[in-house]
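Inspection log for the structure reproduced underneath, given as structure tokens.
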């Protein structure tokens, strides 16, 4: 179904009347009729338009809703079918309520069967959302799209082209338009209003409005804050499916959505925000503990003095030495950091901070395990009911056989849905690429052009013949019809060959009616991978658990349906490892290149270096995503782990390690040195990065510029899909900030406060982006959270222990030691400092009892390889060049051995985890998370199952890689209101069209989906 704009009388007078006609139009409409030949009129009109937009924006900032006036007759009403339909010509006001509900909605709200809601009628009308429920961007767009051709070019007179409702298509069967490819090119009449409805109801996440909240009026800001914080903090919200039309929904509130409800966006998202919040509190406490250290480091006791150092010329950097003369002789003076930073009070506070972070990390693990249970029990998803069989027999392609196996082998366990995935990845990828190419060709040819092979071949040949040399070069960058059609021909032949093959089953996704059945099956079939690979039937706890009486199954809990990457599900392990090895090598090369650029920039300016680091931290994830896109992953969880490793490695090296290496050792605590760079980095992270994220410039350009100019509804919707959300990127951003604070906590304790504040800002910034600008993320599990806690948080703790030990041993960071072999009376007297031009620049008097100094290397990291320098303890000092005080030696010894202990504990935890993995390889184990909620799968609202589908860059909804005929639509997570039967997205129709006359239904070509509702089974 499509949306067909109707012209109101006001619109007819606008388009067909002359400029002098006087009609019942408002001032804006009359302004649009002014002759463009008058320059003054044009300027007046533009000034008026700009003033209107600014005034409406000001109203929006005040919280008002002035988008559509009460008596506005210039609206273009739409005749809409389905859930986008029913829009009449009455204006939208703030008093427009949601569809009236009855007391029966309380029962319908809690049932999965959407048909039980008798009041739903034809569904909620997305185009009549109350204005106070819309985003500000949509309000402004609604105002501009009806008035200003510069915003919405479709307001200008359009050349009439045949659409799928035109007489040109009257003789074609209507079913032609429900399966691709079309026989004839057609032009849609896309609706910008519909695209914005898509943005808010499909792209953004929404929750179902409880019946008791549907008729409540909006309260004041202070009242809402009080209610959210103290009365509704534990409110349970039910996540709505994309395009939910049977119940009224609302957008999640970025500020007032309870933290416990963040699991609605996926267990992985909930764990991320819980980690962010916990680290904010932990680093805040650590910062408060370090207040005495902060005050000490900014006190007058922490300064620089000039001391005589005869042999420092040529050994210290030029900025650290000063030439002086007494009239007859010259001597070298050096800058000494006159700061006894390594005192017990300061050091032991840092040691207490290390202990706090160590035990805080242990507490964080316990807290996150508890939150994992809370999120898991709060939101029932398909994963709670599902398993995946990883080694089915190749010919076990009948869902009925699997239903019978589980029902008979596990005391009546009921399998409600079964998806049998087959090894047809190449066929699916070919069909997706072919569908996308045909769509692009359709938009290039004239409307009404036949899309049969001969016609397209003639058009491609004609265009290729008339090309000149520059057009041929252009075609290398921007492909035209000849290039696209040539690829289509290859894909047609490839699909025709692949569709005639039979494919073995590779994975079986089984969804049970109850959690208890799923847990019972997992507990019974959890064997070690070693036993499964050897098919050791003796480990089976019951002979009935052997499939077909002879096959030992490898069973795991399935990931969420929308995280399965069906196009890469069956890629070989060896191929995946090769791909990841190459992308990691490219990542390392990029890190080295960027480190060189940062070093060059740092030599010029500390501020520019901080900006460069912040820019590269923002740009590199794009490069990492491109690299990861070249890899094959069977699930989004695996892809996110690979992306997480690349980005985390880069950001840790780029943010902390590179700066430490390129900054001169003697500038560590000097003014304008390392400390200033750290502050600049935090400032950039807090202000620049978050400001860009909140502004969302790319998203606004897509929604407000490209979308109104899109040729198809799919193109409009794609511009409304928002920026892609990568959980791995958010985790690396969090760990990068924490790593930076812990790395420098010994010498810059204020970084702990900056870290806490930065994480707090990120918490609310990410909440806003998640609920207002980012694309709806897949429901990832806890893999990233567990991987981050096990490895990266542990490594951050090790880094803190090692760097604290290193910094306490390196005080005062000036590479100067007392030289007792030089007689002081040789240098007594008054010395005048000499500038570069030979003029005097101050004096200093050297007393007979003043010590002289010599160069000595205090940086253990730069000791020769043959000299042992770890752990960083006092015994590692050269015998003839000692710089540590007695107090500092004690501190260095304590921190040195503490760092060894922390390193040993973390290494032991890694080894323990690896040993457990080895044990599980030989002996499987299943440990359930949380308690069973005793809610049947069929009664869970907003739930889906495992339907093979592939995301497309050309179509706004996924393409289905299985036959959807006979599949209950409740098993799919999304709904296209224009094509509710899903046939348009069915790739099996494409294969059937290419193999006309060949029966493929008897072959196992595509994945099979079986549905066994309880009522039918009983």
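Heads up, the Cβ atoms here are built off N, Cα and C, so glycines get one too.
Record features, source TrEMBL:
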- 102-116: compositional bias 'Basic and acidic residues' (COMPBIAS)
- 529-787: domain 'Anoctamin transmembrane' (DOMAIN)
- 1-36: region 'Disordered' (REGION)
- 87-120: region 'Disordered' (REGION)
- 346-368: transmembrane segment (TRANSMEM)
- 581-600: transmembrane segment (TRANSMEM)
- 606-627: transmembrane segment (TRANSMEM)
- 648-666: transmembrane segment (TRANSMEM)
- 741-765: transmembrane segment (TRANSMEM)
- 791-808: transmembrane segment (TRANSMEM)
- 894-915: transmembrane segment (TRANSMEM)
Same-chain residues near the transmembrane segment (606-627), Cβ under 8 Å, at least 6 residues beyond its ends: 583, 586-587, 590, 594, 597-598, 643, 646-647, 650-651, 654-655, 658-659, 672-673, 676-677, 680-681, 683-685, 688-689, 692, 724, 726, 729, 732-733, 736
Against which stretches of its own chain does the transmembrane segment (648-666) lie, if we need a Cβ under 8 Å and a gap of at least six residues from its ends? 316-317, 320, 335, 587, 590-591, 594-595, 598-599, 602, 609, 613, 616-617, 620, 624, 673-674, 677-678, 681, 731-733, 735-736, 739-740, 743-744, 792, 799, 810, 813-815, 858-859, 862
Counting only residues at least 6 beyond its ends, the same-chain positions whose CB falls under 8 A of a CB in the transmembrane segment (741-765) are 254-255, 273, 276-277, 279-281, 283-284, 286-287, 290, 293-294, 297, 341, 349-350, 353, 357, 656, 660, 668-669, 674-675, 678-679, 682, 685-686, 690, 693-694, 733-734, 796-797, 799-800, 803-804, 807-808
Positions on the same chain near the transmembrane segment (346-368), where near means CB under 8 A and six or more residues out: 271, 274-275, 278-279, 282, 285-286, 289-290, 292-293, 296, 742, 745-746, 749, 752, 785, 789, 793-794, 797, 800-801, 804, 808, 891, 894-895, 898, 902
